[in-house]
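Enquirer: This is the structure I have questions about; it appears just below.
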Amino acid sequence: MDENKQRALAAALGQIEKQFGKGSIMRLGDTQTLDIESISTGSLSLDVALGIGGLPMGRIVEIFGPESSGKTTLTLSVIACAQAAGKTCAFIDAEHALDPIYAAKLGVNVDDLLVSQPDTGEQALEICDALVRSGAVDVIIVDSVAALTPKAEIEGEMGDSHVGLQARLMSQALRKLTANIKNANCLVVFINQIRMKIGVMFGNPETTTGGNALKFYSSVRLDIRRIGAIKEGDEVVGNETRVKVVKNKVAPPFRQAEFQILYGAGISKESELIDLGVKHKLLDKSGAWYSYNGDKIGQGKANSMKFLQENTTISAELEGKLRELLLSHAAATDAERAGAEREDNAAADDENF
């Protein structure tokens, strides 16, 4: 760029910062904008799949999946982790189905949790906007988009047609919310349901409710599915769960995580620690015995999980080592990939020149 253009650009940037405030425009390389604060999901493998150690603050996240796949359990786990870090959380229960006893079992401090059960979709989103603009709430869960019923639909007759009302409501609300969420550094998670598109012959017939706006405004979209049952004898005690990161604006997308959700207990952290510990050689497995730092911790996975539950110091130490190892490895892999892409692009530019 020649000298005159550089001076003109510097003057324009100075004018923008004077008018709209410092940080309103910047070069991407000037600051560590991608060092985004995150909140753990309660699942180590999902935190690693997300690339930054959890869900990003100051962003919109969508979690969708079939019924009984673990959507609400995952969001309650996020709330428990956020509260443990001293953050304030709110739960907008549009489905009117929040179970405080189950939430408490998952580690949520229900006494400090802000809960709203709005009558209409407009009311729910206005409450969400007010909480965001307060700057005092760090995590807001909206359960669910499908239950955000427009006021006109509630006041109308059963058979009335209300085409596109919910989609328009979501589009308008997200336009207002996005900038406020960024400025307040608040995490807003929308839970969504799956519907089937009629007449789809090829491709995926599944879609989510509430139109397309949420797909665009979300920085992270998680597809959660139940892939199997966990049994003790003939009794089913939990679900094997898979989460796919179908969209990610803060790290590479399309990574997957698998973990167990136990009924009445939530995400099984100990099961993940054992599986990942063995995989990355922090735990030794000899026959049925598991060992950590040369000391046997249990015979069989169930006994080893019980040991980690009872010995929280060892559990926290193992989790810290795994988190450091896996997240630094993910960051290094991303950096290598980005460097390779830059080299390829430079080579292509040279050839074109």
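Each position is counted from 1, following the chain as shown.
Quick reminder: no glycine exception, Cβ is built from N, Cα and C everywhere.
Quick paste of what Swiss-Prot says about this protein:
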BINDING   G65, P66, E67, S68, S69, G70, K71, T72  ATP binding site
REGION    334-353  region 'Disordered'
COMPBIAS  334-345  compositional bias 'Basic and acidic residues'
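A description of the local structural setting of each listed feature is requested, covering burial, neighbours and distances.
Expert: Around E67 (ATP binding site), a 10 Å sphere centred on its CB holds 8 further CB atoms from the protein chains shown.
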Enquirer: Taking the centroid of the Cβ atoms of G65, P66, E67, S68, S69, G70, K71, T72 (ATP site), which other same-chain residues have Cβ within 8 Å of it?
Expert: I224, R226
Enquirer: For E67 (ATP binding site), which of the three DSSP-derived states applies: helix, strand, or coil?
Expert: coil
Enquirer: Does anything in the same chain, at least 6 positions from T72 (ATP binding site), have a Cβ under 8 Å from its Cβ, and if so what?
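Expert: Looking at Cβ-Cβ distances below 8 Å from T72 (ATP binding site), excluding near sequence neighbours, one finds A97, L98, D143, I191.
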Enquirer: For the binding-site residues G65, P66, G70, work out the Cβ neighbour count at 10 Å and name the residue with the minimum.
Expert: P66
